[in-house]
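Per Swiss-Prot, the features are:
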SIGNAL    1-28  signal peptide
CARBOHYD  Asn171  N-linked glycosylation site
CARBOHYD  Asn239  N-linked glycosylation site
SITE      Cys294  site 'May be important for catalysis'
MOD_RES   Ser301  phosphoserine
CARBOHYD  Asn377  N-linked glycosylation site
Amino acid sequence: MRPQELPRLAFPLLLLLLLLLPPPPCPAHSATRFDPTWESLDARQLPAWFDQAKFGIFIHWGVFSVPSFGSEWFWWYWQKEKIPKYVEFMKDNYPPSFKYEDFGPLFTAKFFNANQWADIFQASGAKYIVLTSKHHEGFTLWGSEYSWNWNAIDEGPKRDIVKELEVAIRNRTDLRFGLYYSLFEWFHPLFLEDESSSFHKRQFPVSKTLPELYELVNNYQPEVLWSDGDGGAPDQYWNSTGFLAWLYNESPVRGTVVTNDRWGAGSICKHGGFYTCSDRYNPGHLLPHKWENCMTIDKLSWGYRREAGISDYLTIEELVKQLVETVSCGGNLLMNIGPTLDGTISVVFEERLRQMGSWLKVNGEAIYETHTWRSQNDTVTPDVWYTSKPKEKLVYAIFLKWPTSGQLFLGHPKAILGATEVKLLGHGQPLNWISLEQNGIMVELPQLTIHQMPCKWGWALALTNVI
């Protein structure tokens, strides 16, 4: 064989070898395929980012923000249940011929600035948001192809609210973008017809719900998909397992998306990604499954209420307590605000969000990316809650009341002589402590004036090398 022939022969041989090699491994997201059954879907591992995030912001906004009276269930309470205060409100403020649909053009969102919202959410210390893309009234905050003349492009704002907020969140913050979606609609004729057939007919999910869900995921790629409002229909009616199989296997967010447990009658607290179990769910003890406490700053409503007084809002102390209790017991806190019809975040909501952010700047180490500890709540000092970071050999004791004696008694941590160290987050200097005779330790807190305190509303001790 002549030397010049070698290159010509080498190429076919190399090609043959490449063809004989095994194919490269598939990307991680397609390594596991999920069947459209709860058994298969429930086995999906929740993306790690969600448990690490701990704190999110819920945003209830829609046409119900126009009357902004009583509740975001205004339409239902007025027209279906005919609750007197809602009926009287309409009689006193609107002409007799006024319909709920007439609120649509009044939902102007004229002061809505997605960048301002994003900056406030970033300042809150939250790690994800969830916006109501469609509530039970059926009005969509994007130009849904399946909600003719009852969406934010055709009516009211005449803007794609979902897109504007998605872009702002992803361009200006490190938060994950999520969407809430109501499966059913109170007064949609197709849903009512299906309901009258005991859900043997499936016109509504086939022509409305499922197409909109696919549209939302493909167009806006939410990393939280927060389902709600099954209308009493089972998951088979909604084809929830079929949709979730697509979401986990094929969708553009298949590797990072998290979902909740509201996918049909009987699924709540039983099937899905993380459990919500009920509104304002806060069990106060450890659960075996990842869960979320969705709750409201306004004690009585998810949507904005013009008649709310200052005592109707949770204080920052109460909100910090909710966060600490929830995270100590393995949950995430999803804290709700309700913007006005103009698209502004009211001063009281903004203040609470910024206060949470200032608290988390000091104490976030004891919240973000933490794990539950062997004890959640101290028995000697009940206002103490625990989190941990096992790899760093850290336990955090978050206490909500500063003891007047300057001594904090902790009944659960056991010190290791010569190894244990205690620090107050935001203070830095190691603190003196002594072991108690039975169990636990007593920590000598630093003597600080109110202006020297690293934060208000709650404090955290970092305990290194305790058992």
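Placed from the backbone N, Cα and C atoms, the Cβ positions cover glycine too.
Note on proximity: of the recorded positions Asn239, Cys294, Ser301, Asn377, the one nearest Asn171 (N-linked glycosylation site) is Cys294, by Cα distance. Across the fold, the C-alpha of Asn377 (N-linked glycosylation site) and the C-alpha of Ser301 (phosphoserine) stand 29 Å from each other. By neighbour count, meaning other C-beta atoms within 10 Å, the densest spot among the recorded positions Asn239, Ser301, Asn377 is Ser301. Comparing Asn239 (N-linked glycosylation site) with Cys294 (site 'May be important for catalysis'), their Cα atoms are 25 Å apart once rounded.
All protein chains shown were included, and the count of other CB atoms within 10 Å of the CB of Asn171 (N-linked glycosylation site) stands at 10. Distance from the CA of Cys294 (site 'May be important for catalysis') to the CA of the residue listed as 'phosphoserine' is 12 Å.
Counting every protein chain shown, the Cβ of Cys294 (site 'May be important for catalysis') has 24 other Cβ atoms within 10 Å.
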